[in-house]
Every structure is written in structure tokens, then in C-alpha cells.
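Student: Annotations per Swiss-Prot:
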type: MOD_RES; residues: Ser2; note: N-acetylserine
type: MOD_RES; residues: Tyr42; note: phosphotyrosine
type: BINDING; residues: Thr75, Ile76, Thr77, Arg82, Lys260, Gly310, Thr311, Val312, Thr313, Arg314, His315, Asn328; note: NADP(+) binding site
type: BINDING; residues: Thr77, Ser94, Pro95, Asn96, Gly97, Thr98, Ile99, Arg100, Arg109, Arg132, Lys212; note: substrate binding site
type: MOD_RES; residues: Lys81; note: N6-acetyllysine
type: MOD_RES; residues: Lys126; note: N6-succinyllysine
type: SITE; residues: Tyr139; note: site 'Critical for catalysis'
type: SITE; residues: Lys212; note: site 'Critical for catalysis'
type: MOD_RES; residues: Lys224; note: N6-acetyllysine
type: MOD_RES; residues: Lys233; note: N6-acetyllysine
type: MOD_RES; residues: Lys243; note: N6-acetyllysine
type: BINDING; residues: Asp252, Asp275, Asp279; note: Mn(2+) binding site
type: MOD_RES; residues: Lys321; note: N6-acetyllysine
type: MOD_RES; residues: Ser389; note: phosphoserine
type: MOD_RES; residues: Lys400; note: N6-succinyllysine
Amino acid sequence: MSKKIHGGSVVEMQGDEMTRIIWELIKEKLILPYVELDLHSYDLGIENRDATNDQVTKDAAEAIKKYNVGVKCATITPDEKRVEEFKLKQMWKSPNGTIRNILGGTVFREAIICKNIPRLVTGWVKPIIIGRHAYGDQYRATDFVVPGPGKVEITYTPKDGSQKVTYLVHSFEEGGGVAMGMYNQDKSIEDFAHSSFQMALSKGWPLYLSTKNTILKKYDGRFKDIFQEIYDKQYKSQFEAQKIWYEHRLIDDMVAQAMKSEGGFIWACKNYDGDVQSDSVAQGYGSLGMMTSVLICPDGKTVEAEAAHGTVTRHYRMHQKGQETSTNPIASIFAWSRGLAHRARLDNNTELSFFAKALEEVCIETIEAGFMTKDLAACIKGLPNVQRSDYLNTFEFMDKLGENLKAKLAQAKL
């Protein structure tokens, strides 16, 4: 490969702490030597978010809307301690939440699999991609303690002034208890369905939606009906052309099936199920350091990719003291590769598509050849048994990836 690949417009968002350092190394060693990008950079480091009253996060989200591709470094979501540490004006909200609220869409998490990294669920040879509907249900519910005997009712008051409808939830006869009212909106469920179908088409894998519609006949039944209607009208022929399928499953059946499967499917989960299952699936694959997170918008055009982990504060503290660190950059690299792969799809850019695939292959091949960071060595040998010779430090590993990428691209006839 003699000339740089023209890559088009990408919005990149810098982050915090150890991941911020790794982010710059990724650009310097793995991306910019080979790809000429129209980079639109936004500094989402905590100090800059504070200085701009978090306007920079909103600006970044609007830029992603405009250019359709965003890649994001991990960022600090401040708690009381962080407010004190950085002398912040206020406890700013999660940038991921802010971006998601502006763009809409669904977050899909996917494990990066290497043959030599052991998995807790040994049968999972392909990723299981979990899409969580991050709106409504328990997370926007009104719950309360019922202090004593009495009735709990739910009332719907139509906006047009027509007759109210009241439903009895429960008559408390002997003492009190607890009660809850929760909701979701058709528009949000429709967007969730479109994002899920788009993800399945882009991966070429089947899609399953899990609910408990046998118990929540109206509530979960609505999810089931909306997905089915959209699938039949807009996606069925595309799925059949790719020889993939969509099915609804009961959540308990789905959990059991997932455990027995080899992976290789998209799993659309309601909010609470997605919260729980995404963590259990991540652990089943062995490491959060090997987990990508992609936000897919319902338009199928707009995508934002990032690592599914945090800013690796502990390593950053060591780095600040001049101590050696061995921080895993793989999920952050895959944020770039997934973003660039999407840019390539939008622009029909075969060279960029080849580069994104080569970058991911180099990461996996390097680890499978025995060159890795300490966390992965610990997955293989167990942390107490890891010796210094078993792993590379942060910078050595990045250099190794750079060297292997250079060699791989040198062989390519682009």
C-alpha cells in the first residue's frame, strides 16, 4: 500500500485519563499514517465539558447527525468525588446519555473474540450482540410504598376531553405493600425495532426479540406486535435475501437458548433485560476490555462507536507517577475500525472497508500470536501466575500493533 486511503468525514470525540492517552496513540500509530480523514474533533475531556457548560457534548452529537459517523473515547461521568477533584461547576450528566438523547437509536454491545482467551461459556465461538432498548419501563416508572389498606388504580385521561378510563391495580385488604406504574411509547419501540433490524442486516445475522408477553399480554404484546408489523412491511424481503430471519422469543426461553448456542445472532432486549443480560454476556466472553459498543440510529445511516469500558483511572494514576502500565487498547481501536467500516459502507469505499477489516484482523492476530496486555495474560494464566514476560506494557503493545499493521498493509495491493 503506497498511498493514503481517502476516508471522508468522521467526528472524533476525545475523552479522559488513560483512554485519552491511548486514543492519541491509536490515531498516531494506526489510523492517520494510512487514512486521510476529514476529522471533526471535539474534546469531551471533563475539563473542557466543564469549561463549555457541556455544550461541547451537544455540539459533538449534532456533528454526528450531520456527518453520520462518530467515534468516541471513554469519558468520565462525574460523581461527588470527581466534582471535588476537578472543581467542576456542577455534576455534569453522562456524555453517552446526552449523545444518545440527541441521536436516538439503540446501543449494541459485541464481544471481540480471540481463540486463546478463555471464555466462561466455552460454546460461544461467535459474538452475541445485545441491543438494549434504553428508554422507559422500570427506568422511568413511578413507584411508591402503599402505607396501608386501600385501592391502587391507574387512570388514563385522554387529551381530547373524552371519558377517562380507570383500571384497578390491586385492592390492599390486610396492610400495605408496594406499587408501580410504568410506560413506554410506540415511537420509541418503533425506533428500537428499526435500529435492531438495521443491525441484523449490517452483520448478516438473525435477530431475536425477547419479552414476557405471556404475562404482560398488552404491555410486552405491544413490543411483539410493533416488531412483527415493521418486519413484515419493511424488512422481511431483505432478511430473506440474506438468508437470515427474525423471531420473537420468551425471555426465559431466550436466556436458555443463548447459553446453549454458539453465538452469532442479535438479541433485542427490553430496557431491564438488556441492562442485566449485556453484563452477563460480557462476563461470559471473559473481558470488558474486549467489548465494543455501537449506537445505531433508526435511519440506518448514523452510527457512533466506542469502547464499552471506562477511562481506566487506576492505570492513569500509575502513569501519572511514572509507573509502568499495561492497558488494553483493543476496544478503543475497534471503536475506530467500526466507525471507519460504517463510513466505508456509506461511501461505497472498498479501500477504507479493507483497511478497517485489516485493522481488526491485526488486533486479533497479534493477541493470538501471544503478544498482549496484562489483563489478557491474566485471563489465560490467572492473575497470581502472570509474570512480566507474559505481557507487553501499554506503549510496547501499541508499537507491536503498529508494526504488524504496517506489515499487513505492505502486502496489500490497493
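Cβ coordinates are placed from backbone N, Cα and C, and glycine is handled just like the others.
These figures come from a predicted structure and were not determined experimentally.
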Student: Taking only the Cα atoms, work out how far Tyr139 (site 'Critical for catalysis') lies from Lys224 (N6-acetyllysine), in Å, as a whole number.
Tutor: 20
Student: Give the residue from the recorded positions Arg109, Lys212, Lys243, Lys400 that has the most other Cβ atoms within 10 Å of its Cβ, counting over every protein chain displayed.
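Tutor: Of the recorded positions Arg109, Lys212, Lys243, Lys400, the most buried by Cβ count within 10 Å is Arg109.
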Student: Express the distance between the Cα positions of Ser389 (phosphoserine) and Ile99 (substrate binding site) as a whole number of Å.
Tutor: 41
Student: Tell me whether Gly97 (substrate binding site) sits in a helix, a strand or coil according to DSSP.
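Tutor: Where Gly97 (substrate binding site) sits, the three-state DSSP reduction gives helix.
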Student: For Pro95 (substrate binding site), which of the listed recorded positions (Tyr42, Thr75, Thr77, Lys81, Lys233) have their CA atom within 10 A of its CA?
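Tutor: Those close enough are Thr75, Thr77.
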Student: Hey, what's the Cβ neighbour count for Lys321 (N6-acetyllysine) at 10 Å?
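Tutor: Counting Cβ neighbours of Lys321 (N6-acetyllysine) within 10 Å gives 7.
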Student: Fewest other Cβ atoms within 10 Å: which of the recorded positions Tyr42, Tyr139 wins that one? Let me know.
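Tutor: Counting other Cβ atoms within 10 Å of each of the recorded positions Tyr42, Tyr139 gives the minimum at Tyr139.
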Student: Between Thr311 (NADP(+) binding site) and Lys224 (N6-acetyllysine), what C-alpha distance do you get in Å?
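Tutor: Thr311 (NADP(+) binding site) and Lys224 (N6-acetyllysine) have their Cα atoms 37 Å apart.
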Student: For Lys321 (N6-acetyllysine) and His315 (NADP(+) binding site), determine the Cα separation and express it in whole Å.
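Tutor: Rounded to the nearest whole number, the Cα-Cα distance is 10 Å.
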Student: Quick one: among the binding-site residues Thr77, Thr311, Thr313, which has the most Cβ atoms sitting within 10 Å of its own Cβ?
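Tutor: Checking each of Thr77, Thr311, Thr313, the winner is Thr311.
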Student: Relative to the Cα of Lys126 (N6-succinyllysine), which of the recorded positions Tyr42, Lys243, Asp252, Thr313 has the closest Cα?
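Tutor: The answer is Lys243.
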Student: So of all those recorded positions, Thr77, Lys224, Lys260, Asp279, which one's Cα sits nearest to Arg109 (substrate binding site)?
Tutor: Asp279
Student: Have a look at the recorded positions Ile99, Lys233, Asp252 and say which one has the shortest Cα distance to Lys260 (NADP(+) binding site).
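Tutor: Closest by Cα distance to Lys260 (NADP(+) binding site) among the recorded positions Ile99, Lys233, Asp252: Asp252.
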Student: With DSSP assignments reduced to helix, strand and coil, which class does Lys224 (N6-acetyllysine) get?
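Tutor: It is helical.
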